[in-house]
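K.L.:
Relevant sequence annotations retrieved from Swiss-Prot are reproduced here:
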| type | residues | note |
| --- | --- | --- |
| DOMAIN | 30-303 | domain 'Pyruvate carboxyltransferase' |
| BINDING | D39, H242, H244, N278 | Mg(2+) binding site |
| REGION | 437-558 | region 'Regulatory domain' |
Amino acid sequence: MPEAAVKYQPYPQIVLPDRTWPSKAITEAPIWCSVDLRDGNQALVDPMGHDRKARMFHLLLDMGFKEIEIGFPSASQTDYDFARWCVEEGNVSEDVSLQVLVQCRPELIARTFEALEGAHRPIVHFYNSTSELQRRVVFGKDVAGIKQIATDAAKMITDMAAKAGGGYRFEYSPESFTGTELEVALEICNAVIEIVRPTADNKLIINLPSTVEMATPNIYADQIEWMCRNLDNRENLIVSLHPHNDRGTGIAATELGLMAGADRVEGTLFGNGERTGNVDVVTLALNMFTQGVDPKLDCSDIERIKEVYEYSNQMVIPERHPYVGELVYTAFSGSHQDAINKGMKAIKQANKPTWEVPYLPIDPRDVGRSYEAIIRINSQSGKGGIAYILQEDYGINLPRNLQIEFREEVQRITDEEGKELPSKRIHQRFIESYVEQPGARIKFVDHHTYPAGEHKGLRVVAAEITDGGETRQIEGKGTGPIDGFINALSIYLGIELSVADYSEHSLQHGSNAAAIAYVEVEYPGGKLFGVGINTNIVAASLEAIVSAANRVLDVVGK
């Protein structure tokens, strides 16, 4: 790489020692304007045809956008025709303003008004580039010449609007604002404001675009606060942000710009746009939502938003994209899974509406996602994640020691295969290892109990089992079926077995609900779990003991 200090110059700092934005917070949603159908569309390899545009347009209306930039009708017949369709057939309610873009050229402005005929309070958005670089390299004009372009356009647009009977709104953008000296941007904007003469009933939108993101977000915030302080007739202006994402900080720049006094944001769904994209309004809205602020945009069906985005733009959303990517609500790490598992249990038990789950800043259900993909299992996963999947998907609530034991078995599989284990496979392995145990030596068949005669309080458990497929009758004594049955198995197998831990719960609800029993059996070499499932809880418990005994036999080699 070349020497950075020689080839690139740092962006100048803004002198604003009394800046106030760092102590501000976002407490209400801005005015949102979608520019998907203009800025977004112009950045596509294959620009949208009518059907793709119409589908995007209806989604934006359904989401609650009140301002939608529908195109550049003076630039192409396609955009002109779509603008007429929106006006005539778009079913646009009167609280929604259609916005169109136009350069500061007389013939383009005239065509723009033709495209908007019949629209309710549309926004005519005119712009010209004001940056020092473009003045010098592209236009060869001084500040006065660039200002003249803007003021001539402002005069023509306001005159044409008056001749058309009024009802128009106006927006002016000093394009490449972040590359323009603040004093120059202010001079040009104030000249436009003087011509448009905005009022409380018809405010002028002054859009301050980060056409190319050139510096850190705090500098953009300083620029916005400085402009908000110095613009003429500020009370009758709507200061708008239009950030891009060249440095990867478009979201942060927008949030700081709102803290600095801006009222409005132009952006696109999931940040589609030229180069690295426009600011992502979905992420912005959901960032506000997770801070307790109503974003005034409906993102409750994020899968539909994603589907329309991918259809209309012919682009795929990355798996890690905030709030919408396939993996953003998923944990593979063992420690993360354990924390999520405990957090989900805690929130179920807590009697309050506040969302508090580690590693999940938003409840996936709030955007139409389920809990199914929160935890997925691979070689990095831990006992908490495995326990969560079995609990959520199958109602199996593993005791802690069984979580540890079964995790080792799952770990062996993931290490061998080197890939993710789906929920169904984990459940299948659990049932095979602990319940069905194909090929196991001992199987439980039946049992009955009767008093132990001279031993008051004890009962004899007479049980039928199979050993290698052959029927055997065994007997043992104990205070109940579990105690007596493990005594019988100990005698029969010649291994001292005892119950170290026992728990059970129902798997379903109702009179025919199956019960699942977990029994941890201690033997001279350690402890192992067994699991039984049966509609009879006693039978489930005895099956669990047999399950554990078979695992002991595997270990001791009998």
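Note that Cβ sites are derived from N, Cα and C of the backbone, with glycine treated the same way.
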K.L.:
So if I measure Cβ to Cβ from H244 (Mg(2+) binding site) and keep only same-chain residues at least 6 apart in sequence, which ones fall under 8 Å?
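P.N.:
Same-chain residues close to H244 (Mg(2+) binding site) (Cβ under 8 Å, separated by 6 or more) are P209, S210, T211, V212, E213, G250, G273, E274, R275, T276, G277, N278, V279.
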K.L.:
What average pLDDT does the predicted model assign to the region 'Regulatory domain' (437-558)?
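P.N.:
Averaged over the region 'Regulatory domain' (437-558), per-residue pLDDT gives 91.
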K.L.:
Relative to the Cβ position of N278 (Mg(2+) binding site), how many further Cβ atoms are located within 10 Å?
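P.N.:
Counting Cβ neighbours of N278 (Mg(2+) binding site) within 10 Å gives 28.
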K.L.:
Using a 10 Å radius around its CB, how many other CB atoms surround H242 (Mg(2+) binding site)?
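P.N.:
Within a 10 Å radius of the Cβ of H242 (Mg(2+) binding site) lie 25 other Cβ atoms.
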K.L.:
Same-chain residues six or more away whose CB lies under 8 A from the CB of D39 (Mg(2+) binding site)?
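P.N.:
Correct list: E69, E266, T268, G273, E274, N278.
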K.L.:
From the centroid of the CB atoms of D39, H242, H244, N278, the recorded Mg(2+) site, which same-chain residues not already listed sit within 8 A by their CB, in sequence order?
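P.N.:
Output for this site, in sequence order: V35, P209, S210, T211, P243, E266, G267, T268, G273, E274, G277, V279.
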